[in-house]
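Student: So Swiss-Prot has the following annotated:
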type	residues	note
DISULFID	CYS41-CYS93	disulfide bond
DISULFID	CYS136-CYS186	disulfide bond
DISULFID	CYS232-CYS282	disulfide bond
DISULFID	CYS323-CYS379	disulfide bond
DISULFID	CYS420-CYS473	disulfide bond
DOMAIN	400-489	domain 'Ig-like C2-type 5'
DOMAIN	595-691	domain 'Fibronectin type-III 2'
CARBOHYD	ASN82	N-linked glycosylation site
CARBOHYD	ASN219	N-linked glycosylation site
CARBOHYD	ASN310	N-linked glycosylation site
CARBOHYD	ASN341	N-linked glycosylation site
CARBOHYD	ASN417	N-linked glycosylation site
CARBOHYD	ASN443	N-linked glycosylation site
CARBOHYD	ASN472	N-linked glycosylation site
SIGNAL	1-19	signal peptide
Amino acid sequence: MLHIKDLIWTLYFIGAAVALEVNIVPDQGEISLGESKFFLCQVSGEATDISWYSPTGEKLLNQQQISVVKNDEYTSTLTIYNVSSQDAGIYKCVASSETEGESEGTVNLKIYQKLTFKYAPTPQEFTEGEDAVIICDVSSSIPSIITWRHKGKDVIFKKDVRFVVLANNYLQIRGIKKTDEGNYRCEGRILARGEINYKDIQVIVNVPPLIQARQIRVNATANMDESVVLSCDADGFPDPEISWLKKGEPIEDGEEKISFNEDKSEMTIYRVEKEDEAEYSCIANNQAGEAEAIVLLKVYAKPKMTYVENKTTVELDEITLTCEASGDPIPSITWRTAHRNISSEEKTLDGHIVVKDHIRMSALTLKDIQYTDAGEYFCVASNPIGVDMQAMYFEVQYAPKIRGPVVVYTWEGNPVNITCDVLAHPSAAVSWFRDGQLLPSSNFSNIKIYNGPTFSSLEVNPDSENDFGNYNCSAVNSIGHESSEFILVQADTPSSPAIRKVEPYSSTVMIVFDEPDATGGVPILKYKAEWRVVGQEKWHARYYDAKEVSAESIITVTGLKPETSYMVKLSAVNGKGLGDSTPSQDFTTQPVKGEPSAPKLVGHLSEDGNSIKVDIIKQDDGGSPIRHYLVNYRALNAVDWKPEMRVPSNSHHVTLKTLEWNVDYEVIVVAENQQGKSKQARLSFRTTAKPTATTATSASTGLGTGAIVGILIVTFVLLLVVVDVTCFFLNKCGLLMCIAVNFCGKAGPGAKGKDIEEGKAAFSKDESKEPIVEVRTEEERTPNHDGSNQIEPNETTPLTEPEHPADSTATVEDMLPSVTTVTTNSDTITETFATAQNSPTSETTTLTSSTAPPPSTAPDSNTVQSVQATPSKAEVPTASSPPPTSSPKVAPLVDLSDTPTNNPSKAVANQAGALNPSAATSAAEPPTAIIKPVTTVPANTTSPPPTPEPKQVKQEQSGTKSPEKESAQPSTVKSPTEATKDESASLSNTKPLQGEDFQIDGGTFKTPEIDLAKDVFAALGTATPAAVASGKASELVSSTADTTVPPDSAKTEKTQVEENSKPEETDVKSTPAEVKTVPNEATQRNVNESKA
């Protein structure tokens, strides 16, 4: 217990003794310049004051840089901001107490400099090849150790002598390369403090530019709208910039003629001209330096005339023509005229022309100039690039020069021109004189003067000897004058030619002669050859053109008889007349030798160059006429001959076309007659070279051949369509009508009149080319009239049907029952009468109608004489009897108003076949038949134009026969069955005529192509068909026995036939024809007996 008390008291006394103890935390301090640091002062015991004192002993107060803060009664804090070297030293913390006194504590503040890089810029750039020094300045309070590292390694260990660390710790790289480029680390170390710091420095190695021209020399041609590209290739680091200079002057981007690519390595010059020729520099520049390359642009130029001059001088003077030209290479200059070239070294012997050449210039000197030197001179400059030519005009003024024939021939009464051709510049005034008297004058009324630009003609019409003689032509201009005498001489007929040789053949003679010695002053126009048979007085003559025979001086007389003696003589003909004849020479033609002589060939190449006209001149025919010529030809380089051609003997030439260009050809012609062939006549020629195609200089709107042919075809097709449509609507015929009937079910053209028409006529052809008349009376009944369906006729409907045995009655009833068949002085025309309106005919009846004019012996125009018919042919009056001059005044049954009206036919009188007048009063009114005249062509007429109908009926062509001969011929009769079996009438012949209108009681309807024969008109008293065929109108003739027929009787027949076709007017010659079959023998026999 005692011990515890002692311990407590001991501790108490110890604590009282150390109550003002001062402790500074941290007890020491080191700080780098610029850094901040604080110290904490702790006091043990109760202190009334705690203060801080600087190393200099000054009490520190609370300041901006040094802060003193008393935290509580026991602690105080000293803070030093941004220390500097002056702040180093011992700082003291003092604690004081009133009872205890003072107590202090100290701390030593050490200040040092931290390792820093004072100057180490990055990047650092160097030029390749130089000694580079990499700068790195290090700052520290105590020395530091500096090392350099590159790519993670110390450069010292590279063992590269180029790397050296200098004394100032800089790194030197000798001859730095582009491969040395990169990051270098500068590292500092302080061993005492273990401090380390580093700095990475980027090293850039710049490479100087290198530049090279792709082409050192570039060639171009000026004025050819060319473009040229100049280019350079540059290299370096960094990439160099390129610029261009021309003759040391910068070329700016944006000039009109120049453009650059993106990096300016290429420069394009447009529309190169000679002025663009120069040295161009391309310069590459970067931080390492610059480089330059030279490009030479050589511009060649076509020659161009720079100077020419037109000149004028006087005859006999001297002048020099100068021509200058530019171009590269230097052009050579030559001279030429329109007719020849003048060389640069040319110098005539007399010194008339001298040519001297200089660089880019040439001079042409003309001495003693003549008027013929005037004209156009061409200066031609040429070099390898091209040629330029320019004309200059050289004008020579000279005195008049008179040209023309001095002697002129004519004769009295023949006007002649004396022409004075005047050459002068300037133009001259021309005057005419006769015996010193100016013409024209009142004393010379037969003289006229005609003036032209370069001539003056004096027309003299001599009427006496005084008009012949001298005439003077005088011409004057500003340079001088000249006159000339012209002599007008009276011409004479030529002298006789001289026969040198006479070479006879079988039918020709060849006369070789010499031209007359004297032409009489005027040209020989013709030669006259005269010949006669020896012993006869009559001379035969023929004229030959002097131009044709003068070339070879040979005349060939043709048309002679073989083995005959002849006399021949020649004479010449000029403008005045026929000259003297040569003495007659005898010769004898040779016997017939058979084959002809080879013809003579003359070729005329055509303008197109690849065709030729070969004239074939007939020679001796060998005594028999030449039948034809055999023509063969081929190209000489070809083996085969072209197909042989036969040319008629009356042809005088043959044309060979579409030959090859620029090829040699040979032609062989052989004449052939009945006796054989002649020898070969040969002709060789060469075609011209194929012309080059030229392009039209102006726009042409002409059409090609194909377009023209196409237009013509389309026009023709459209025309056919228009005609076909017109025929369809007007005449109910044509292709459209055929399609409508056969495919569309349209009624045929005869459907309109089937209920109105009471008789139809169809016109067909048989082998005898005679028309067949079918007549159906309204009393007849056919299978189509029994109320059943009627069959419309069409193009395929047969014309005839097999004859029904039960039908034995005559199918034709005349208006006068006593007569059914009438025979007249006419041709026989066979027509078929349909027994049903719209069905094929079942029987045929042959009637005879007149195609000849009626005889002139008719007693009256309205009288019909009754003639008894006999079984034999009726007596035929003369066919040449003229028609009567008067016409009956009766109403016409047939309207032929569309036919030609000239020479209208009169009423038929004195008909050979007449109606029986006694039957007219007793017979009932006959059924009305619808009749249409057939448009026929007489056998003896000229070729008529084709009719509009598609089916043309052919008329039998027969020669003119006398009535006497025709009456002696027996009648030809065919049975009805034979007529039925006759198949010569083809389907085309049985087609109905369309478009023909009938008027019945004012109604109009169409009928097929069916016509009644002319003899039906004769039977009914109308005009003969011959009158219709010749364009003459027909009129109805009364069928009664009275000599006069009242008009009312004719008017009872209301049927009027309108004929649409207009037969061409022709001269008809009657040809008696044969009578053909009648339907049954009983009717035929009765008719014949009545005629008898």
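Every residue gets a Cβ built from N, Cα and C, even glycine.
Any idea what these are sitting next to in the structure?
Tutor: Under the three-state DSSP scheme, CYS93 (disulfide bond) falls in the strand class.
Sequence-distant neighbours of CYS186 (disulfide bond) (same chain, 6+ residues apart, CB-CB distance under 8 A): PHE117, ALA120, ILE134, CYS136, VAL138, ILE146, TRP148, ASN169, LEU171, TYR198, LYS199, ILE201.
Secondary structure at CYS282 (disulfide bond), as computed by DSSP, is strand. Sequence-distant neighbours of CYS282 (disulfide bond) (same chain, 6+ residues apart, CB-CB distance under 8 A): ILE211, ALA213, LEU230, CYS232, ALA234, ILE242, SER243, TRP244, SER265, MET267, GLU292, ALA293, VAL295.
Other Cβ atoms within 10 Å of the Cβ of CYS323 (disulfide bond) number 24 in total over all chains. CYS323 (disulfide bond) falls within a strand segment according to DSSP.
According to DSSP, CYS473 (disulfide bond) is assigned to a strand segment.
The Cβ of ASN82 (N-linked glycosylation site) has GLY34, GLU35, SER36, GLN65 as same-chain neighbours under 8 Å, each 6 or more residues away in sequence. Secondary structure from DSSP puts ASN82 (N-linked glycosylation site) in coil.
In sequence order, LYS298, VAL299, TYR300 are the residues of the chain that are 6 or more apart from ASN219 (N-linked glycosylation site) and have a CB within less than 8 Å of its CB.
Its own atom aside, the Cβ of ASN310 (N-linked glycosylation site) has 12 Cβ atoms within 10 angstroms in the protein chains shown.
All protein chains included, ASN341 (N-linked glycosylation site) registers 11 other Cβ atoms within 10 Å of its own Cβ.
Residues near ASN417 (N-linked glycosylation site) in space but far in sequence (CB under 8 A, at least 6 apart, same chain), listed by position: VAL408, TYR450, SER457, LEU458, GLU459.
Within the same chain, the residues at least 6 positions away from ASN443 (N-linked glycosylation site) whose Cβ sits under 8 Å from its Cβ are GLN437, listed in sequence order.
Within the same chain, residues at least 6 positions away in sequence whose Cβ sits under 8 Å from that of ASN472 (N-linked glycosylation site) are TRP432, PHE433, ARG434, SER483, SER484, GLU485, PHE486.
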Student: For ASN341 (N-linked glycosylation site) and CYS379 (disulfide bond), determine the Cα separation and express it in whole Å.
Tutor: 10
Student: Taking DSSP as the reference, which of helix, strand or coil describes ASN310 (N-linked glycosylation site)?
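Tutor: DSSP assigns ASN310 (N-linked glycosylation site) to coil.
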Student: According to DSSP, does CYS136 (disulfide bond) sit in a helix, a strand, or coil?
Tutor: coil
Student: At a 10 Å cut-off from the C-beta of CYS473 (disulfide bond), count the other C-beta atoms across all protein chains.
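Tutor: By my count, 25.
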Student: To see if you understand the setup: which same-chain residues, six or more apart in sequence, place their Cβ under 8 Å from that of CYS93 (disulfide bond)?
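Tutor: When sequence neighbours closer than 6 are ignored, CYS93 (disulfide bond) has VAL22, ILE24, PHE39, CYS41, ILE50, SER51, TRP52, TYR53, SER76, LEU78, GLU104, GLY105, THR106, VAL107 within Cβ distance under 8 Å.
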Student: How does the domain 'Fibronectin type-III 2' (595-691) divide up by DSSP, counting helix, then strand, then coil residues?
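Tutor: Tallied per class, the domain 'Fibronectin type-III 2' (595-691) gives 0 helix, 47 strand, 50 coil.
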Student: Tell me which residues of the chain lie with their Cβ under 8 angstroms from that of CYS420 (disulfide bond), as long as they are six or more apart in sequence?
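Tutor: Correct list: ILE402, GLY404, VAL430, TRP432, PHE455, SER456, SER457, LEU458, CYS473, ALA475, SER484, PHE486.
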Student: What does DSSP call ASN443 (N-linked glycosylation site) in the simple three-state scheme?
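Tutor: For ASN443 (N-linked glycosylation site) - judged by DSSP and reduced to three states - the answer is coil.
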Student: Given the disulfide-bonded residues CYS136, CYS379, and counting only Cβ atoms in the protein chains shown, which has the most within 10 Å of its Cβ?
Tutor: CYS136
Student: How many Å lie between the Cα of CYS379 (disulfide bond) and the Cα of ASN310 (N-linked glycosylation site)?
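Tutor: Each residue's Cα considered, CYS379 (disulfide bond) and ASN310 (N-linked glycosylation site) end up 12 Å apart.
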